[in-house]
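Undergrad: Sharing the feature lines straight out of TrEMBL:
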- CYS2-CYS8: disulfide bond (DISULFID)
- CYS323-CYS352: disulfide bond (DISULFID)
- CYS402-CYS424: disulfide bond (DISULFID)
- 609-752: domain 'TIR' (DOMAIN)
- 559-580: transmembrane segment (TRANSMEM)
Amino acid sequence: SCDASQICNCSSMGLDFIPPGLTAKITVLNLAHNRIQHIQSQDLQQAVNLRALLLQSNKISSIDEDSFQSLTKLELLDLSDNSLSHLSPLWFGHLFSLQHLHLQGNSYRDLGQSSPFSSLRNLSSLHLGNPRFSVIRRGNFEGIELLHRLWIDGSNLSQYEQGSLKSIKTINHMIINIRSVNVFSEIVKDLLHSVTWLEVKEIKLALEKKSLVQNSTPPFRIQKLTFKEALFTDETISQTIMLLKEITSLKELEAINCALEGKGMWKTEEIERSGPSFVETITIINIMIQNFHLFFDLAGMESQINKLKRLTIASSNVFMVPCKLARNFLSVLYLDFHDNLLVNNRLNETICEGSWPSLQTLNLSQNSLKSLEQIAKYTSRLPKLKNLDISQNNFGEIPDACAWPKSLKYLNLSSTQIRKVTYCIPENLEVLDVSGNNLKEFGLQLPSLKELYLTRNQLKTLPGAAPIPNLVSLSVRRNKLSSFSKEEFESFRRMERLDASDNNFICSCEFLSFIQHEARVAQVLVGWPDKYVCDSPLAVRGARVGAVRLSLLECHRTVVVSLICVLVFLVILLLVAVGYKYHVVWYLRMTWAWLQAKRRPKRAPPKDVCYDAFVSYSENDSEWVENTMVRELEQACPPFRLCLHKRDFVPGKWIVDNIIDCIEKSHKTLFVLSEHFVQSEWCKYELDFSHFRLFDENNDAAILVLLEPIQSKAIPKRFCKLRKIMNTKTYLEWPAGEEQQQVFWENLKVALKS
């Protein structure tokens with residue numbers, strides 16, 4: 001149950017005893033909410049470095065006297081909500097470092113005859129008492145000189161020996177639950193010179209004319225008095241006001257969750273005769289007045305309020321302050337009426353001419369105000385007003401212009417249902433809060449503005465910097481901001497604090513590049529980096545903006561796609577160029593035609609063979625072919641039928657089909673070879689198809705006539721098939737002499753007939 005810091009949490013484990021094996025390494029031991037009944041001497045003997053021991057909410061009824069003897073470094077001991085029926089000084093005798101001791105919620109009736117805390121010289125806070133606690137004796141607090149906080153549950157405290165708390169020289173804050181007014185009076189007398197802030201709970205004040213400062217001489221220490229869940233009547237509150245005037249050091253009064261039975265019929269004349277009040281701050285929160293609408297206007301109390309500096313009356317159904325009374329709050333600097341029933345038509349009375357002459361801060365939030373124009377008009381009667389909070393009212397539409405006090409510097413219009421901001425908002429503001437209004441834009445010219453709060457709106461971009469050049473702090477948290485640029489960020493030259501957290505950021509490459517490498521981001525952005533999370537792209541949704549790294553493709557998608565398109569285009573262009581140069585399309589079409597031809601019978605039927613030979617030659621050799629060879633062969637006896645492309649190709653038919661058909665309808669294919677032949681692409685096609693036929697049919701269909709000498713090595717590589725045929729087949733050479741020419745013709749005729 002222990003972590004790396006040796007903090008051991010054994011709470012709510014159903015333990016009946018302190019577990020054995022505790023060592024000196026343990027610093028915090030939490031045994032709360034178990035069923036431990038008894039603490040024995042050896043249980044904590046080895047835990048000599050323990051700093052905190054939590055034993056609250058067990059069933060502890062007995063503790064051995066030396067159980068805590070070894071815990072000299074213990075700073076916090078919590079024994080609250082157990083079953084201890086008495087407190088022994090021996091328990092705490094060696095707890096020299098103890099600062100916080102919690103003993104409330106047990107069953108002891110008193111603290112014994114002497115002080116159980118006499119050795120606790122470093123004690124800072126002490127909590128004690130329970131519903132059965134009834135007696136405090138003189139000497140119970142001996143040994144304690146200074147407490148930061150003393151809390152006593154004395155709801156049934158009935159006996160208090162005078163001087164019991166006087167031994168404590170200084171108590172910063174004392175809280176006491178008490179119902180007995182007599183005991184309360186005695187305790188107050190003992191605390192006048194020691195307590196700074198006294199908080200009293202659950203008291204029901206009765207008529208008490210005995211002085212609270214009897215036999216005590218100023219100066220007193222008590223400065224603040226708080227009543228919580230107390231009950232007042234018109235009579236007791238009048239008497240209490242007069243009694244508290246005797247405590248000349250008292251500067252602040254609080255009443256929280258109290259009830260007042262009455263209508264404000266206070267003894268104002270007696271109160272006025274008793275002298276001036278020294279209280280400067282009054283805070284009343286959630287006071288219950290059953291018939292508040294019948295409450296009197298407190299006429300006659302004017303003399304008691306002219307030194308008051310701070311007044312808060314919140315959640316108490318206040319709907320109006322009479323003008324006559326308001327004009328006597330001469331010194332009030334701070335006025336808080338939040339969460340009441342103030343309405344516009346009553347505000348004219350509450351803030352009338354000459355009222356609240358020193359007021360600097362006014363809080364009218366959470367009321368029923370509806371007209372911003374009227375509020376501006378009434379508050380313009382307050383010549384020193386600097387700060388105005390009218391948030392959580394319902395204004396809706398606001399006018400285009402309003403007359404505000406010239407001194408106003410701070411204005412809170414958050415959650416007021418305004419749909420847009422207009423120049424009704426004063427130009428000389430330094431702080432403006434328009435959060436929670438569903439605003440879609442903000443473009444007011446506010447040259448003096450230093451702080452702008454736009455939280456919980458519908459803004460998609462940062463407001464422009466030009467109209468608010470002196471802005472130091474900007475909050476656009478929880479808007480519809482998807483990103484902001486480096487230019488937008490740097491346009492706020494004086495920006496020291498920007499809260500753009502809790503927005504749905506689109507983590508684009510531009511946004512990430514700026515926000516991850518801008519040096520000022522970490523210094524200026526509030527909540528960076530934990531509160532800045534990507535919403536898109538989907539792959540990084542939920543990731544922190546500062547930790548996201550996008551790939552090259554994601555960051556430069558347009559460039560990459562453009563580059564790919566250019567490369568594909570270049571490849572296609574290259575293929576087209578290569579295809580054009582090497583006539584790939586023709587080859588493909590010829591191959592297709594050849595494949596189609598292969599489906600036909602291997603050898604054309606004899607009746608379909610029309611020619612003795614198909615002559616393949618270059619156009620440059622046409623004179624020799626047409627004038628010499630054709631005449632010699634077609635005029636021979638018997639004559640040979642030759643197929644010539646000029647004469648016998650079918651017009652309009654694809655040239656490749658013509659070549660294939662003519663070769664298939666010819667008994668032989670006669671190639672007239674020359675330098676011109678190897679330069680002709682058409683001759684190459686005819687040669688290719690003839691080569692297919694030659695090997696496909698495994699016959700001797702090709703006849704080569706060498707019109708002029710051609711070296712095999714000189715034949716271009718693209719005529720690889722010609723090279724192969726010349727290496728495997730015998731060919732005829734055209735001789736120069738006439739006698740040899742006659743032999744040539746005889747050999748050619750024999751080859752054609754074979």
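Each residue's number is its place along the chain shown, starting with 1.
Heads up, the Cβ atoms here are built off N, Cα and C, so glycines get one too.
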Undergrad: How big is the Cα-to-Cα gap, in Å, between CYS2 (disulfide bond) and CYS402 (disulfide bond)?
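TA: Computed Cα spacing between CYS2 (disulfide bond) and CYS402 (disulfide bond) is 64 Å.
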Undergrad: Near CYS323 (disulfide bond), which residues of its own chain have a C-beta under 8 A away, given they sit six or more steps off in sequence?
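TA: Listed in sequence order, they are GLU349, THR350, CYS352, SER355.
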Undergrad: What's the CA to CA span in angstrom from CYS8 (disulfide bond) over to CYS424 (disulfide bond)?
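TA: Each residue's Cα considered, CYS8 (disulfide bond) and CYS424 (disulfide bond) end up 60 Å apart.
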Undergrad: Fewest other CB within 10 angstroms, which one of the disulfide-bonded residues CYS2, CYS8?
TA: CYS2
Undergrad: Quick one: mean pLDDT on the domain 'TIR' (609-752)?
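TA: Mean model confidence (pLDDT) across the domain 'TIR' (609-752) is 77.
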Undergrad: Measure the Cβ-based neighbour count of CYS352 (disulfide bond), defined as the other Cβ atoms within 10 Å of its Cβ.
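TA: So the Cβ neighbour count for CYS352 (disulfide bond) comes to 17.
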Undergrad: Neighbour count, 10 Å Cβ-Cβ cut-off, for CYS424 (disulfide bond): what number do you get?
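TA: Within a 10 Å radius of the Cβ of CYS424 (disulfide bond) lie 19 other Cβ atoms.
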Undergrad: Residues with Cβ closer than 8 Å to the Cβ of CYS402 (disulfide bond), same chain and 6+ apart in sequence?
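TA: Expected: LEU372, GLU373, ALA376, LYS377, CYS424, ILE425, PRO426.
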